[in-house]
Amino acid sequence: MSKSLNLEPIGKINGTVYLPGSKSISNRVLLLSALAAGKTRLTNFLDSDDTRYMLEALKALGVRYTVSKNGTCCEVEGVNGPLNTPHPIELMTGNAGTVMRFLTAVLSLGQSDVVLTGGARMKERPMDPLVDALRQGNAQITYLEKKNSPPLRLRGGFRGGNLTLRGNISSQFLTALLIMAPLAEQDTAIEVQGFLVSKPYVEMTLHLMRVFGISVTHKHYRTFNIKAHQKFKSPGHYRIEGDATAASYFLAAAAIKGGCVRVIGVGQKSIQGDVQFADVLQKMGAFIHWGEDYIECRPGRLKGIDMDMNSMPDAAMTLATTALFSEGPTRIQNIYNWRLKETDRLSAMSAELRKLGAQIKEGQDYIEIISPKNLKAAEIQTYNDHRIAMSFSLMALSDMPIRILNPRCTSKTFPDFFQKLAYLSGTV
């Protein structure tokens, strides 16, 4: 793919999309399968940059797996316990937060000597809530460059015990502790301090741990108790549901300029919080129909909305660009953790929305958007952030073209996104 992509105005969106596998689920079940006893066959697996970093790390740690030629099926042979390596190694996690954070916890078990590093942005992202919690359980962790951020040196040592974790930065930290704690020497109790962000992702983690035979008790998502010496057990086969955040772009496109779009792979039984974005569109005026494994959207007269989007911060970016096609202001609240993602998303989204003529008020944890009477053609800087690229592709639904810089950044989670968008628009 070239350094930029010109999207011509799209007249209408219509059709059916089969969603790629969820990135969040794919990387969780990859790790759970590696820790489990037995072989696990993962279908509708997501082949993307983030899952490849997880696979490469697992391979370096001695985990055996095979991936089908089309990349959608992965078979993992579990090691039936903690991941260890007899020699010091360095693992690259790219900009995959799930890989960096989950492995930081899991590799704090045992006595391995591992360095975890990442890309430039990963080296700026916070790790201290997780590292502080792991150190309470005797984990031996050293910051190698900048305090509180990767790269990290891990020398095992985690035993369990009573841990406190700040919950206001990322739910990935809690997920990391939950996944590793069943393999600890002692029972583990985790107390979440402050507000727990992105709680649906923790619910997803607990669901998947149950699938792999692990029991966790909790009280209102404030305290978690995990028994030691548990064993992960392979379910044999696990089908990964479609990516709900990916669905948000196509559902929003239908709300703006349908037609009718049906996304297949998520529905009433989805374990992902981002499926609730369909409810947000309905509140704005779109028409939504739910099936067991699909969601349909038809257009309506969209109105601005005031929403707390803490439970689905990724889909909140889709809301920000959808707001440009609605009447009245839109306010997206409680999204401070946008600032800690692949880029400072609050600043980046504000800057790019202003290019299009929108009136923007940016706060520490919110953004207010007022659409202009006439959108302006613009060149969108993506900041190497896949979600910015995909969110701003919706601007092609206006009457003017849009240029997306570095469109390849979508390979992080959705390599063929633009092909699927073109299919729905009838341009392929």
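Residue numbering: from 1, along the chain as shown.
The backbone N, Cα and C atoms fix where each Cβ goes, and this holds for glycine too.
Worth saying up front: this structure is predicted, and the values here are computed from it rather than measured.
As annotated by Swiss-Prot, active site, proton acceptor applies to Asp314, with the evidence given as sequence analysis. Taken residue by residue with DSSP, Asp314 (active site, proton acceptor) is part of a helix.
The annotation 3-phosphoshikimate binding site is assigned in Swiss-Prot to Lys23, Ser24, Arg28, Ser170, Ser171, Gln172, Ser198, Asp314, Asn337, Lys341 on the grounds of sequence analysis. Sequence-distant contacts of Ser171 (3-phosphoshikimate binding site), defined as residues of its own chain at least six apart whose C-beta falls under 8 angstroms from its C-beta, comprise Leu196, Val197, Ser198, Lys199, Tyr201, Val202.
Secondary structure at Lys23 (3-phosphoshikimate binding site), taken from DSSP and collapsed to helix, strand or coil, is helix. Contacts of Lys23 (3-phosphoshikimate binding site) defined by a Cβ separation under 8 A and a same-chain sequence distance of 6+ are given as Leu46, Ser48, Asp50, Thr51, Thr98, Asp243, Thr413, in order along the sequence. Taken from Swiss-Prot, the feature phosphoenolpyruvate binding site applies to Lys23, Gly97, Arg125, Gln172, Arg345, Arg387, Lys412, supported by sequence analysis.
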Mapped DSSP class for Ser198 (3-phosphoshikimate binding site), helix or strand or coil: coil
Neighbourhood of Lys412 (phosphoenolpyruvate binding site), C-beta criterion under 8 angstroms, separation at least six: Ser48, Asp49, Asp50, Asn95, Ala96, Glu342, His386
Cα-Cα distance linking Asp314 (active site, proton acceptor) and Arg345 (phosphoenolpyruvate binding site), given in Å to the nearest integer: 10
Max pairwise CA distance, angstrom, over record-listed phosphoenolpyruvate binders Lys23, Gly97, Arg125, Gln172, Arg345, Arg387, Lys412: 19
From Arg28, Asp314, Asn337: recorded positions whose CA lies within 10 A of Arg387 (phosphoenolpyruvate binding site): Asp314
Ser198 (3-phosphoshikimate binding site): tally of other CB atoms within 10 A of its CB: 23
Candidates Arg28, Gly97, Arg125, Gln172 (binding-site residues) with Cα within 10 Å of Asp314 (active site, proton acceptor): none
